[in-house]
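What follows is a short report on a single structure.
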Amino acid sequence: MNISIVGTGYVGLVTGTTLAELGNTVYCVDIDENKVERMKQGIVPIYEPGLEEMFLRNIQAERLFFTTNIKEALDKSDVIYLALPTPPGEDGSADLSYVISVANQIGEMMTSYKVIVNKSTVPVGTADKVREVISAKTQIPFDVVSNPEFLREGFAVEDSMNPSRVVVGSSSEKAKDIMAKIYQPFTNTGVPIIFMDEKSSELTKYAANSFLAVKITFMNEIANYCEKVGADVDKVRLGMGSDDRIGHRFLFPGIGYGGSCFPKDVKALIKSGKEENFDFKILEATEYINKKQKVILVDEIEKYFGGNIQGKKIAMWGLAFKANTDDIREASSLDNIELLLEKGAQVVAYDAIAEENVRKILGDKIEYSKDMYSALEGADCLLIATEWSEFKNPNFELMASKLKNKVIFDGRNMFSMEQAEGSGFFYKSIGRKTVR
Ligand code: UDX
């Protein structure tokens, strides 16, 4: 099949490369000439484990092409995926201007039947809107399909090549057949393809992400309550997760969820609800709790230092919103830095991968360290904000020799209680007893 992908951001590029890997001829379209030129030369604009290899293999096999010319791509393709940004507007609702503008262009340029596939996370009703926009421009038949992605950063290639399910929202039998054909290599190996109407499919993406955000938040509340009553969240987590209706995944408490999806999607679903006079109370609570959870350890740091952290130097391990990515969007580290600075503390941070992105927004408001131990030099305590595996088994003696006080605030529960007890440190984590 010949396919165009409009938008070569994170989702577009991974989707395009995956579809080429499945044997299709794929034309990736982007307005950024520079980026297109670099991709033509085999330079992948984002980092994802396994992506570069797959990207180069498909360029070489002449299944993956790049262009700024949407008309050219359109003429060659039967199916057009839209993987365009839908950034949150000021009120939290998804901004559809990119999607609508490309829909207009498609309507103006198409010369034969096309299937237009919405891959971006878009509010319920967007397929209808896209359909309206295109219909206003052309008499040629076409179909609009919703086909949300469920990729995690850091596992995007793995997730896109081994999806848990393929969700397709379409009211057209012809479009359904075409989508079924595209995903046949997956369905052949037992991956379910779930057909539904467009609106249900659009909502599935928001519901899945919001549910996961609620699940994490629920666990964060249980963890905070564990501390009140002297229970251990690790034990509770195991006990709960062993019920396969609950499952072990996404039950890890910490300093809140971040990233480019959960915060945005929770906000957008609340906003969409409001437009229908519908209050998503559970999501409002989730947002509220997560905001507080992100900086829960700043309170603890303040308490430890007798209510005043003015002039204290806080070492921070990890800046990325989660491990194995350089993404700092909605990262808890940033909320902690902002609050610590506001309270008059200094921050010296270490994150080999995400430092560059933080520098772009914070510049020299904080110090940066080139390795995890030198970040501790002369600092009053350590705060762990991202679960990078290099922090899992540190040399506590070396840490003690660098830090002014043997004090760790761990927002990611990196150490077992045995490790913490043997370390000789004051150790405060989430939902477990404090080691003194
Ligand atoms: C998420 C969804 O998993 C993915 O399906 C969707 O397509 C995009 O959003 P991603 O944002 O890449 O993916 O990260 P994910 O691994 O899901 O983590 C999201 C946040 O939740 C991170 O801040 C992470 O630290 C936090 N988290 C995750 C927890 O605090 N506890 C957990 O148990 C799991």
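Residue numbering: from 1, along the chain as shown.
For all residues, glycine too, the Cβ spot is worked out from N, Cα and C.
Automatic, uncurated: that is what TrEMBL annotation is.
Taken residue by residue with DSSP, GLU153 (NAD(+) binding site) is part of neither helix nor strand, so it is coil. Taken from TrEMBL, the feature NAD(+) binding site covers ASP30, LYS35, THR86, THR121, GLU153, LYS264, ARG329.
For PHE150, LEU151, ARG152, GLU153, LYS205, PHE250, LEU251, PHE252, PRO253, GLY254, GLY258, LYS322, the entry in TrEMBL reads substrate binding site. Under a cutoff of 8 A between CB atoms, and with a sequence separation of 6+ in the same chain, the neighbours of LEU251 (substrate binding site) are LYS215, ILE216, MET219, ARG237, MET240, GLY241.
Neighbour density for CYS261 (active site, nucleophile): within 10 A of its CB lie 21 other CB atoms from the protein chains shown. Taken from TrEMBL, the feature active site, nucleophile applies to CYS261.
The annotation domain 'UDP-glucose/GDP-mannose dehydrogenase C-terminal' is assigned in TrEMBL to 315-417. Across the residues of the domain 'UDP-glucose/GDP-mannose dehydrogenase C-terminal' (315-417), the predicted structure has a mean pLDDT of 97.
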Exercise for review: With LYS264 (NAD(+) binding site) as the reference Cα, tell me which of the binding-site residues PHE150, LYS205, PRO253, GLY258 is the closest one.
Suggested key: GLY258
Review point. What binding-site residues among THR121, PRO253, GLY258, LYS264 have a C-beta sitting less than 6 Å from any atom of ligand 1?
Key: GLY258
Review point. If we check Cα distances from GLU153 (NAD(+) binding site), which of the recorded positions LYS205, PRO253, CYS261 wins as closest?
Key: CYS261
Study note, to complete from the structure: Quick note, THR86 (NAD(+) binding site) and PRO253 (substrate binding site): C-alpha atoms separated, nearest Å, by 29
Point to revise | Chain-internal residues near ARG152 (substrate binding site), provided their CB is under 8 angstroms and they sit 6+ positions away | key: ASP159
Check your understanding: CYS261 (active site, nucleophile) to THR121 (NAD(+) binding site): how many Å between their Cα atoms?
Key -> 9
Review point. Looking at the binding-site residues PRO253, GLY258, which one has the fewest other Cβ atoms within 10 Å of its own Cβ?
Key: GLY258
